[in-house]
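Asker: I'd like to ask you about the structure that follows.
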Amino acid sequence: MVATIILGVLIFGFFAYVVYQKFIKKNGSNCHSCVDIGCPLADTSKMKRKK
Amino acid sequence: MNLIALAGNQNSGKTTLFNELTGTNQYVGNWPGVTVEKKMGHLKNDKQLMLLDLPGVYSLSPYTLEERISRKYLIEQPPDIILNILDSTNLERNLYLSLQLMETGLPIVLALNMWDLLKKQKRTINLKKMEYLLSVPVIPLSAVKKENISGLVTQVKKAAQEPPKYTYPEYDNRLESALEMISQQIQDHVAPSKLRWYAIKFFERDEKVIQKIKLTSHQQQEVEDIITTAENIFAESSDSIIVNARYDYVAQIMAMCVIDRNDFQMSLSDKIDRIVTNKWLALPIFVLVMWLVYYLSIQTIGTFGTDWVNDVLFGQWIPDITSDLLNTWHVSAWMKGLILNGIIGGVGSVLGFVPQIMMLFFCLGLLEDCGYMARIAFVMDRIFHRFNLSGKSFIPMLISTGCGVPGIMATRTIESEKDRKMTIMLTTFMPCSAKLTVIAMISGTFFTQQSWVAPSAYFISMLAVVGSGIFLKKTRMFAGPPQPFVMELPAYHFPRASNILHYVWSRSKSFVQKAGTIIFASCFIIWFLSNFNWQMHMVDQNHSILKSIGSVIAPIFAPLGFGDWRTTVATLAGLIAKENCVGTLRLTFGSNSAQSFVQTLTSTFTPMAGYAFLVFNLLSAPCFAAIGTMYKEYGDKRWTVRAVFYQTCLAYIVALSIYQCWLILVGNFTTTNILYATMGVSLIIYGLVVKKEKSSVKKQALI
């Protein structure tokens, strides 16, 4: 039972985090994946500075 | 802090040099126009020098987006020094831009890149003479081979401390007189350092400059008289006078500085291009190359890795170890179902395709790095032009083979608004890495040992682009002549291992990251919907929310051969991310192993129904991320809805035609089936052949 609760918290928590990061947070879907696949607009040095 | 702007022609190696100087990792593509925004970074080991990578341009006219960005920056926020990167192997055209940069009066350093290739061409440039003639420092280097980068850095640092001074390139005396007289008219309106630049722009009748500098009506008349007089003397338009004057100047420099020992011999690149871009051979070679790429990645070498990941890693090892652990921890049955079937089954089925994706990007990386992909854009331009399309639209489509999002963004380089809107609509037809999972699943499940299936998906996408272009250009929204496409073909070279590895690694990493985030969240939702009913009770799949939703929509797909609720929800889940098509099928077909999943699918659908599913998901509305980017680029909801509607309708018509025609061909047909096939094929023929161009209909009406 304890293991189920812990796993539930972890999985539901990660699910909520992903949904928030990708769909709710403003500018959440940042350009990191895009720069990797050749977006001509992505500026890696600017991203590094933001980090 | 000193600002140094890297300026140069497209594909002259600016981004490669920028990466080398700053230690960043900007994407370097072996085709022109990879950079469409200015990008900044500090010089390695010297934070006092800030470098700017400007988009590649051929001139400082205000016509293209790249030219506008570069020009605006150089004139309105002038850097301390311009580092002009020139392709040594194409010096004449590159010097044409250098002269324009020198006309701005900004301190400049010339970097002759690709010096190594110049040697191979048996050409020599007398650097001392060139420095003397232009009065600016000239540094030879090879950014790719990292040769003489230190020499360039030393020169740049020196120039930052003591900016090099030079006299403006002086052109024909008659032209110089005209420029001098224009300078007198405008001298009260512009800074003395910018006088020559503005005089030339006024002489060219540059609209942006005329709008910006408010001259009195008398001054305007004076300037116009000066230009008209010059035009009468030269018997040419004013902008042609300037262009010719610059080229005459360049010709003098070339004659004095360049020694060519190989005038009449074709280079190896030229010899290869005679075959690869040949009018008749180009297309068959391209088809053969892409067939080979897809065959190797999806159906042979890549498959070995995928089979191991699916059957062993995610088929036995991970589920067995996890199951044992969960049993030891006495985890409840529903949680075990969520972890084993929902997360490991769903995410694992997507991750299984990583080896095939790596192989595909390895092959595409080789083609891009050696210079072949740039030729494809050139070849496609020839084909596109026949149908009133521009080859410029093909560059975003090449980028879309990684992901549709940057592909849509890359349409910003297209000046014609109509062509840009159309390209946004068509670019996501190309198979991205996410759609590759669907291609690999269908070809691996229904068409084992049939090498035509995976490559055919790529060619169907291309046909959809060309066919849609033909049709859309006939509509009032997109009618118009194609935009001219000027493109520089880079010389062929052996692919560099570091470039290829970076290419494969970055794309595979993105794919895995996506599987660990969006695909994980999607599998979680799909698992929940397929295990609970509307009263939130845990039930079997046949009484689940997912089935009730899928069953309502499934009849729409029945004419396409896959009117099953499970394929329907897989298609809907594909809107979140196309990989979800695979994950959802794996979850809803509830198979424990890869073999039983294949067996269940093949016993439920015919191979051609599977192929129709592939075609529909290949061409239909892209994922939400791409739709969101379409909205951003269109800046209009109506255009976004129009694009998504068109894509989905086209996907439906093509999948319907393929499936129904196949039924007729195998002799398994009914009246309804003939009706469907006739409808589908008729619509395609109408769009491509029967429909008349709106503009030509109007013209005829006027006559």
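For all residues, glycine too, the Cβ spot is worked out from N, Cα and C.
Unlike curated records, TrEMBL annotations are generated automatically.
According to TrEMBL, the protein has these features:
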- B:8-15, B:33-37, B:53-56, B:113-116: GTP binding site (BINDING)
- B:N19, B:G23: Mg(2+) 2 binding site (BINDING)
- B:T22: Mg(2+) 1 binding site (BINDING)
- B:1-162: domain 'FeoB-type G' (DOMAIN)
- B:280-298: transmembrane segment (TRANSMEM)
- B:338-367: transmembrane segment (TRANSMEM)
- B:422-446: transmembrane segment (TRANSMEM)
- B:452-472: transmembrane segment (TRANSMEM)
- B:511-530: transmembrane segment (TRANSMEM)
- B:608-631: transmembrane segment (TRANSMEM)
- B:643-667: transmembrane segment (TRANSMEM)
- B:673-690: transmembrane segment (TRANSMEM)
Asker: DSSP secondary structure for B:P55 (GTP binding site), reduced to helix/strand/coil, please.
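Answerer: Note: B:P55 (GTP binding site) is coil by DSSP, not helix or strand.
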Asker: Are there residues at least six beyond either end of the transmembrane segment (B:608-631) with Cβ under 8 Å to its Cβ atoms? List them, or say none.
Answerer: 403-405, 408-409, 424-425, 428-429, 431-432, 434-435, 438-439, 442, 445-447, 453, 457, 460-461, 464, 557, 560-562, 567, 571, 574-578, 581, 601, 637, 639-640, 643-644, 647-648, 650-652, 654-656, 658-659, 662-663
Asker: When a 10 Å sphere is centred on the Cβ of B:M114 (GTP binding site), how many other Cβ atoms does it contain?
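Answerer: Other Cβ atoms within 10 Å of B:M114 (GTP binding site): 27.
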Asker: Mind giving me a neighbour count for the residue listed as 'Mg(2+) 1 binding site'? Other Cβ atoms within 10 Å of its Cβ, every protein chain shown.
Answerer: 22
Asker: Measuring Cα to Cα, how many angstrom lie between B:M114 (GTP binding site) and B:N19 (Mg(2+) 2 binding site)?
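Answerer: With distance taken Cα to Cα, B:N19 (Mg(2+) 2 binding site) is 16 Å from B:M114 (GTP binding site).
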Asker: Mind checking which residues of the chain, 6+ beyond the ends of the transmembrane segment (B:643-667), have their Cβ under 8 Å from one of its Cβ atoms?
Answerer: 424-425, 428-429, 460, 464, 468, 559-561, 608-609, 611-613, 615-622, 627, 630, 634, 673-674, 676-677, 679-681, 683-684
Asker: Would you kindly determine which binding-site residues in the set B:N11, B:G23, B:M114 have their Cβ under 8 angstroms from any Cβ of chain A, listing them in sequence order or replying 'none'?
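Answerer: Cβ contacts with A: none found.
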Asker: Which one is it: of the binding-site residues B:G8, B:G23, B:P55, which Cβ has the fewest other Cβ atoms within 10 Å in this structure?
Answerer: B:G23
Asker: If H, G and I count as helix, E and B as strand, and all else as coil, what does DSSP give for B:N11 (GTP binding site)?
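Answerer: Assignment for B:N11 (GTP binding site) reads coil.
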Asker: Here are some binding-site residues: B:N11, B:N19. Which one has the most Cβ atoms within 10 Å of its Cβ?
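Answerer: That would be B:N11, with the most Cβ atoms nearby.
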